[in-house]
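Annotated in Swiss-Prot:
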{"type": "BINDING", "residues": "12-19, 59-63, 121-124", "note": "GTP binding site"}
{"type": "DOMAIN", "residues": "4-171", "note": "domain 'Era-type G'"}
{"type": "DOMAIN", "residues": "202-280", "note": "domain 'KH type-2'"}
{"type": "REGION", "residues": "12-19", "note": "region 'G1'"}
{"type": "REGION", "residues": "38-42", "note": "region 'G2'"}
{"type": "REGION", "residues": "59-62", "note": "region 'G3'"}
{"type": "REGION", "residues": "121-124", "note": "region 'G4'"}
Amino acid sequence: MTFKSGFVAILGRPNVGKSTFLNHVMGQKIAIMSDKAQTTRNKIMGIYTTDKEQIVFIDTPGIHKPKTALGDFMVEAAYSTLREVDTVLFMVPADEPRGKGDDMIIERLKAAKVPVILVVNKIDKVHPDQLLAQIDDFRQQMDFKEIVPISALQGNNVSHLIDILSENLEEGFQYFPEDQITDHPERFLVSEMIREKVLMLTREEIPHSVAVVVDSMKRDEETDKVHIRATIMVERDSQKGIIIGKGGSMLKKIGSMARRDIELMLGDKVFLETWVKVKKNWRDKKLDLADFGYNKKEY
């Protein structure tokens, strides 16, 4: 039997459902989600393998107009995938009109010599007439290889999109073992799960000002638990106070929620210790960005 494989980038503005789609395809959480824009900061690989094929999805940060060095990193990380993949899924929401951000991405896609499939997500939120108008509007902007409406949240039409990708794969290698679902180490996934809970439980400027560093992660032979020490980095003392909360209540809630997800991922009991530190203006300092896992060497 011929084995087929290929790399597929998922591009789009912030909050269009890229990570929701990837998690649905993989059948488990490998990319964190929240209602905050720019939740995804790094390129995250999801490896979908069957006995006939391997599709390596690359979930990218939402493309936006950057205001910090971290923003620059995120946008460049997203666009860099155009040099690495065989197909691009350009994801747009069905319930929002085409905007300047979409047009900016379209211009970059036109210049890239890669087939582009338009994926219109969130079809569960609109009337069919609105969906048709949205598809027609985008169809006039560039020549897409396919246009596929889906609901990543409910799973509508996702299998059809996978079938289209499979049909267009070329004969190739199995790049990763069949039981590997992502290229990121466990420490990265742990830090992201903690950051996700901060995003879920805080508001205002805090979500964009937070980074999480896993300081240590090892099994305690006496308790047979994985002992994790992690530091939540913020930019101001006031943010530190909010994350700790009255009597440590917020930090305890963040830790408790994160621990449950980490235990599910690792299949182990976990003892999680979290600390909060202030690192002023870290989002604009290249050394800090590298220390916190946002390294330009990745692209």
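Every residue gets a Cβ built from N, Cα and C, even glycine.
Cβ neighbour counts within 10 Å, taken over all protein chains shown, single out Thr60 as the most crowded of the binding-site residues Asn15, Thr60.
Along the domain 'Era-type G' (4-171), the predicted structure has mean pLDDT 85. Using DSSP to sort the residues of the region 'G1' (12-19) gives these counts of helix, strand and coil: 2 helix, 1 strand, 5 coil. In sequence order, Ala94, Leu131, Pro149, Ile150, Ser151, Asn156, Asn157 make up the list of same-chain residues 6 or more apart from Ile123 (GTP binding site) whose Cβ falls under 8 Å from its Cβ.
Look at Ile123 (GTP binding site): DSSP puts it in a helix. Counting other Cβ atoms within 10 Å of each Cβ, the binding-site residues Gly12, Lys18 show the lowest value at Gly12.
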